[in-house]
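Annotated features in TrEMBL:
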- A:6-26: transmembrane segment (TRANSMEM)
- A:35-55: transmembrane segment (TRANSMEM)
- A:75-93: transmembrane segment (TRANSMEM)
- A:114-134: transmembrane segment (TRANSMEM)
- A:140-159: transmembrane segment (TRANSMEM)
- A:189-208: transmembrane segment (TRANSMEM)
- A:214-232: transmembrane segment (TRANSMEM)
- A:268-288: transmembrane segment (TRANSMEM)
- A:300-318: transmembrane segment (TRANSMEM)
- A:330-353: transmembrane segment (TRANSMEM)
Amino acid sequence: MESKLTGLQLYAMMLVFLLGTSIIYGTPRLVPDSWLIDIAAIVPYLLLTGIYLALFWTGCDRNLYELLVAAWGKHFGKLFALGYSVYFLYIASRNLRDMVELILTALLRNTPSFVIVLAFVGIVAYAACGGIIALGRLSILIAGMVLFFFVVLTCLLYFSDSIDLERVLPFLSEGLGAVAGASLRSSIWFPYGEVLVFLAFGSSLGGAKTLRKIGLFSLLSATAILSFSNLLQTSVLGIENMKYSVFALLDAARLINIENFITRMDALVAFIIIFGVIVKSAIFLYASAKGAEFLFGSDWRGFAPSLALLIGALSIKVSRNNAEHVSEGLVYAIYWLHIPFQLAIPLATLLLLRLRLNHKEA
Amino acid sequence: MAAIGTLVLASLSFALLVLFDTLVYRQSFFVSVKRMFLDDAYFNRSAWTLLVSALLLSCWYDLRERPFGQRLSARLFGRRKDTRWNRN
């Protein structure tokens, strides 16, 4: 029998997962009022989560890969499971690349990317090899640290008089429709739709009831923190600067200056992204290794280290430069990967499972 | 099976990267394949080193499962008790 995550572990894991890289990059600046996008994404996200929960409920705590085979049959189910395994590896590699980009452009300019990737991949593989419970325990620690660093950053920005709420104006200059449209185009798929990966953990989540309660609570917390983070970034940098800033929170942290004594607090931001990406990548790696175990029959612990190295290789080859990396993530990945894997396949699987269940009952 | 699994996942993942390259640069699939394997525009060849290491690591895992691999492992690293997380 698989060990189960406690409520706190699951909450911390989901919270760090949702904050992950989004807290640094901020919500994509598709409209001037980017801090409202996360709030507007709540309703569509709840609908999306409803599909995942219904899937989990219908499948009686079976994991994503077992559900796919139960719904689509042995051959198609395994094909989709392979697709999900690759999909999780791809997202993990994108997250790792996000972190490498930040470290290379802002902190360790002369360090070869290979060294950063190799060091990081080792940590991620070690975290994932510990299993789901070890990841849960690690998440509690990291959630505490991320929140602490974020609160410190906010206090320092406040005391250095960098926050000016007038910079948030004009409010809703492009209307509410543009905000709602932007939430549907980006936020719902990244980061919120990515919680689909938790379905791969099956019975370790502690049942559909716990998942519903804790999932909702962590979603609301993450939305509140991300909206506040975006509001903070806009009130420090202003709408125009926000539009052209790649690492908005990092640029905001650089403005901290208290009596010419407390300055250069970039390290706090680096800690936030490094810790967030460790948990996020380890979760994706674990889910992918579980998929590989399901498909190829070998123990997932045998896959985890080699797949971690594969994530490192993919993160280097995923795009040639940061501009390509961002455009790929905001346009192509959404239409070609996120919508099919986060909405179309789960919805179709749910319908098929319901049909099969009704057919059996009849 | 770990080596085969890693090889399959690696091939599919790289095929996905080539597909995205085709979409982003609006070029033919074969040009993207060529660029993926030959161009060195951004980072150096470290990606291939990592990929080969991944495959070798999975091969080592498969080998360790066989009696010959177990004997080799015992000769190289000595016999060890199962670690705590493996028992879990």
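Keep in mind that glycine also has a Cβ here, set from the backbone N, Cα and C atoms.
For the transmembrane segment (A:140-159), the most Cβ-contacting stretch among A:75-93, A:114-134, A:214-232, A:300-318 is A:214-232 (pairs under 8 Å). If one looks beyond the transmembrane segment (A:300-318) by at least 6 residues along the same chain, the residues whose Cβ comes under 8 Å of a Cβ in the stretch are 89-90, 92-94, 96-97, 100, 113-114, 117-118, 120-122, 124-125, 128-129, 281, 284-286, 288-290, 292-293, 325, 328.
Tallying C-beta pairs under 8 angstroms between the transmembrane segment (A:75-93) and each of A:35-55, A:114-134, A:214-232, A:268-288 places A:268-288 first.
Put simply, of A:114-134, A:214-232, A:268-288, the stretch with the most CB pairs closer than 8 A to the transmembrane segment (A:35-55) is A:214-232.
Among the recorded stretches A:114-134, A:214-232, A:268-288, the one sharing the largest number of Cβ pairs closer than 8 Å with the transmembrane segment (A:189-208) is A:268-288.
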